[in-house]
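Notes follow once the structure below has been shown.
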């Protein structure tokens, strides 16, 4: 019988041939025409999980051997475009010779159509009509067991038997993103940490808190329990460094194979043969491992294969070159995760109704369709300037919005998504051969598309309410976020439809707001608030139909921000999203006129909400707006020598300080480590956008404007870490808000002279500064020059203060000339043009005095 013959051969191979790092699945053995059998090698090994349970932790020497075996196995899989995706002790076996081996690839992911794949694979995939993308990852079998939080009942919070896989999942996977080679390296790091220290780097008895800890918290101190006899201090240092590089939450910064193999922690006589893999990368992976095995009797590798009885197709490990970037798959790779059955990518246009989706949810077979993207934001909100927010009709009608920046920018800083496989059909009807027929067809297609999207969001709203795993919900929320952040013009029409329908049919917004209130999972709240912020930030017009939900959200955010005092990492992430989404709502409402705001939205004033943001950094003062006495007539009079006597028009533009709240924003600008820089950035951007749409809001910032402006200068001057993109964006937003304050209260620019000199101001326009920062300060300089000219009387009599200012400005302009004009090839063209204008002004100096500027 074929089965018996195959059984004998496998048993003989196991007993007599080389020992593998990977137990392979043998080829299909055909018993008869209708039945296929999956034959595996008989295993006489010992479970590594049982070994750890008995011994708790490993010595350094044993850990080195363990690491070498597991790294060889993972490297072999990655070189063949396979992500193991479920590394944990129960999936590792130890044979009688002490060799550690991976036991199964049942949950692994095969990356198809990699650039290194042969033409046959490409041709096969091109013939697959269900695959519209040439770069795909396919889940080999079901991953439902991995996504369950608890081993027995996922909804039983009292059950502390947490699914073992959760401890080893990487932060990006727990956030709902796809697996990558880097995810396997993270899992290896957790495993190595557990083996050497005896405890997990992240631990909790509650599965939800465990997930939050992995995503947001720092790992525990890695303490070696059984160091070698010598150099235990050096070993500990190397181990600390290794763990810091493996357990890096950003997968783009996580250590890769070349650096991992040669890390000092693994440098000893037992692992010298591992380095041969790096030195001979021109050979195929199989050849490398065979050569490596010849240098050591403790390890060798063999090819692995698997077969599927459902498809009768085998997974073969091709002999191929090592991928160029083995640390992560192609960012354009799509992943299709299959549960129990192989389902093609779903398209709403291919279904008659959404019942198919509902059935998938009820049967727990929801197809998870997401993409591999650059995770470097958000993973927390990445400080990358997004495209300008689309102008809404209220914004376009504002005549007072002239500034150095032509438009506002989103408060929420996000990654920009370039491509995403849509679950929604995107029909572009551009052919107009027959006007009448085509118009009718276009209308019908548009109506069908709208109906599809409506059904799609009805399905999503229903799904969000279901009781399913956190990871599944996070996957769906991440898909929606990525969908709305698409920058590809190809999808602009579909995104526009999405936003219109989200606002017109408010079921999704209502359900999201409701989930924020009732959900006990902070990580889910973070994602939902983030999603709502993007919806509001990208919407040109919020429908009045969503009034109740938006107002509820506004009040919820206002109350949460006011009472927020928790500083752990997950709460900090929540606070960031609270502030950013709150800022997006305030910015949208600030674009509406007072009548629309009060009659349609029922909001008489935004002052309460703006003060909530200000109170994040409020310094208590005995004075308050309510206690401040009304200005007396004498207080409004000016002495004959004051500048106001010569320029009443200027003074009339300055609001009365006694009407302002007693606040100080100086703590925003200082480098106090207690202030989260991301929240600082969101806050400053909110203020900046409010000053664009409603310059009258300057009154909220004016009581200590002089101190505020000097603090802005100090912050921009002192922190010149140009490698930190977050710092750069803080500088840009700070200088922009700084300019708007000066523009609305020009006389405040005179205060810059008190604690400033030309070296400080030159620093503001230094070539190393971002060009937007330079432009803002050049505009401020122009205001400063203009004010000084306005204070020159008909007899060219200038008081001492203004004379000093003139001298300062002259010196500054001379510096400007030397700084910019002589280095015009090194500066931004816009900055050069602006600086050349100021150089022309320099020629109008006469006897250290200004000539009036018309």
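Cβ coordinates come from backbone N, Cα and C, glycine included.
Keep in mind the model is a prediction, meaning the values are calculated, not measured.
According to Swiss-Prot, the domain 'Protein kinase' annotation covers 1-266.
What Swiss-Prot lists as N-linked glycosylation site is 32 (among others).
Under the heading N-linked glycosylation site, Swiss-Prot lists 106 (among others), citing sequence analysis as support. For residue 106 (N-linked glycosylation site), the Cβ neighbour count at a 10 Å cut-off comes to 15, with all displayed protein chains included.
Under the heading region 'Disordered', Swiss-Prot lists 116-135 (among others).
As annotated by Swiss-Prot, N-linked glycosylation site applies to 163 (among others), with the evidence given as sequence analysis. Taking the Cβ of residue 163 (N-linked glycosylation site) as centre and 10 Å as the limit, one finds 20 other Cβ atoms among all the protein chains shown.
According to Swiss-Prot, the N-linked glycosylation site annotation covers 283 (among others), on the basis of sequence analysis.
Residues or ranges marked as region 'Disordered' in Swiss-Prot: 289-331 (among others).
Positions annotated as N-linked glycosylation site by Swiss-Prot: 290 (among others).
For 292-322 (among others), the entry in Swiss-Prot reads compositional bias 'Low complexity'.
The N-linked glycosylation site annotation in Swiss-Prot covers 325 (among others) and is backed by sequence analysis.
Look at Swiss-Prot and you will find 365 (among others) tagged as N-linked glycosylation site.
Feature annotation from Swiss-Prot assigns region 'Disordered' to 384-408 (among others).
Under the heading N-linked glycosylation site, Swiss-Prot lists 414 (among others).
Summarising the annotation, Swiss-Prot assigns region 'Disordered' to 425-446 (among others).
Per Swiss-Prot, N-linked glycosylation site is recorded for 520 (among others), and the stated evidence type is sequence analysis. Annotation for residue 520 (N-linked glycosylation site): same-chain Cβ neighbours under 8 Å, separated by at least 6 residues, are 208.
According to DSSP, residue 541 (N-linked glycosylation site) is assigned to coil rather than to any helix or strand. Look at Swiss-Prot and you will find 541 (among others) tagged as N-linked glycosylation site.
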DSSP-derived structure type at residue 520 (N-linked glycosylation site), helix or strand or else coil: coil
Integer Cα-Cα distance in angstrom, residue 106 (N-linked glycosylation site) to residue 541 (N-linked glycosylation site): 49
Relative to the Cβ position of residue 541 (N-linked glycosylation site), how many further Cβ atoms are located within 10 Å? 14
Need one number: mean pLDDT over the domain 'Protein kinase' (1-266). 71
